[in-house]
């Protein structure tokens, strides 16, 4: 290298900025080597200049440095957007924080947690996600879009919202559990289809990850929903192709086109793919472990109030801004690739190549990843334009940045998805491996990047079929199907040896009683009566109003067994189950009698079916809403009209493993346990999903080995 130094002045139009660079010499290939830059504003000169200053520079006192002003503007904008997103989540809808996929998955399993699908959650999810992504956090919009689709479907399934005066009478036909569950499944599939522009992937995501119960009718309904999403999305993309909608629609229905012609691979390439899968599984399981620890730590902070939630978000925002603005200084400038004239660097417009502090015809590869949109960063990593477009050190720094900052960011009080951070980390890791294995592999670095993203997705989320189809629809590269399948299967198998998928861990951490599709091994050693919780609270067919009111006030049970007793029957027998919501409607109507006689036909004539329809969030009756006089407390009510007279029952001696599978497959809320021998009370107890949770069973029998 020649050690000569030169001074250059370059005239440009617009602005009065100066670049102070020292030319360290002329490289062997004829390019110029630079030391660190310094962006400044020239006070004295009124003409616009860019100066590359060598040994004999202008006086330092004449320069007014603006790096700190630029950083404060950058970090300040991010902080304002982050605070807006955090305030919405902390003060309006705390349930909107996170991706929302674990909550949707839990709801479709039969868990109706408070406000997870409320209209306020929908509002905060939409605008909080916009603010969070715009604030520069390492988060994605895909998980929140799944939750958004489920919220919209729930709003339709409950007939709209009376609180916000958005109701439609024709939607009351969907006000039952099965139809509402089907609508929410379709909404989740629509969210995936819209986020990834992958309609078939949305159907498979709903089948593989979201829904707990599947049937053939639901298949074509979700397929129809995602087809409509694809048509509408395509229409909007065509409408916005002229640029009237900003960056929306860029890339058409193929977001990351990596179709680079025939894909040829040999035995060394297959070994490299296996290596990617194994390492992706290990890194994915470690990612899940760290996310779980961080979430538990954040839970302790968030419990202290909304103010602490907002301050935590602000702290993470400042950290993200410092890393995004500071790390590019570690990367040297790179000459623009051949054939990118007019596109490299991108100054004053959206583009892949960011100049940052570099001179003309050069770009900073690390800032091109950190200071770009997530979609553009993924598109850059997946590209096969130039093998040396990103240096090995840049890929390593970016991987650690996305990996650890993604862990730190997930769990704060903003809507945040995991798909994009995981894809970014996996793509950078895969491209890094591709650069290292370049001499022995025929696959280009773009395909290695795609396979790295697949391995990391499989290691964290443990999905296979849906992820495979989503990646193929994203990249338009069907020739990669065998390798993507292989790397997904390997990464999932390796990661399963360490822990559960990230969404399953979050469901467990939130304490949601999720029912798995298999029974635990120790359940084979127990029977149904071993886990029945007591004492059992039951009602007679004709019961005193005061007894019912006291039971509803003192307990939170949602189902009560109703027993027929003499003189209405010859012997005591199980009549069925009465739901709490139905009992409240019956008491509110005050259809009582002073005599202990059956009068169910009168109740049936005075009630309508829609009176007992499932209410929306916050609309249901509560025991505090009832006003019952002392005289009415001594009266009687016939429970037979509101009783489910054909409940599912099992014998008390049936294996708990079989009972758990039956409970889950039938989608039950209550399961009656009846005695095996006559001459005993007609019911032993009622099983709910809480009775099958490992914490409950192992708490009753601590001596049982959970693995046997």
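In case you wondered, yes, glycine gets a Cβ from its N, Cα and C as well.
If you look up TrEMBL, you'll see 70-93, 113-139, 183-207, 270-290, 310-330, 395-424, 436-457, 463-490 marked as transmembrane segment. What TrEMBL records for 642-706 is domain 'CBS'.
Panel annotation: around the transmembrane segment (113-139), residues 78-79, 81-82, 84-85, 88-89, 92-93, 95-96, 100, 103-104, 106-107, 145, 147-148, 150-152, 154-155, 161, 163-164, 166, 184, 316-317, 320-321, 324, 374, 401-402, 405-406, 409-410, 414-417, 420-421, 424, 512, 617-618 of the same chain, lying at least six beyond its termini, place a Cβ under 8 Å from a Cβ of the stretch. For the domain 'CBS' (642-706), the DSSP counts in helix, strand and coil order read 23 helix, 12 strand, 30 coil. For the domain 'CBS' (642-706), the mean pLDDT of the prediction comes to 92. Of the two recorded stretches, the transmembrane segment (183-207) lies close to the transmembrane segment (463-490), with three or more CB pairs under 8 Å once pairs fewer than 6 apart in sequence are set aside.
Outside the transmembrane segment (436-457), and at least 6 residues removed from its termini, the chain residues within Cβ reach (under 8 Å) are 258, 260, 263-266, 268-269, 272-273, 276-277, 279-281, 283-284, 287, 378, 381-384, 387, 392, 419, 422-423, 425-430, 463, 467-468, 471, 475, 477, 480, 483-484, 487-488, 490-491. Within the same chain, residues 39, 115, 118, 120-121, 123-125, 127-129, 131-132, 134-137, 306-307, 309-310, 312-314, 316-318, 320-322, 324-325, 412-415 sit at least 6 positions outside the transmembrane segment (70-93) and bring their C-beta atoms closer than 8 Å to a C-beta of that stretch.
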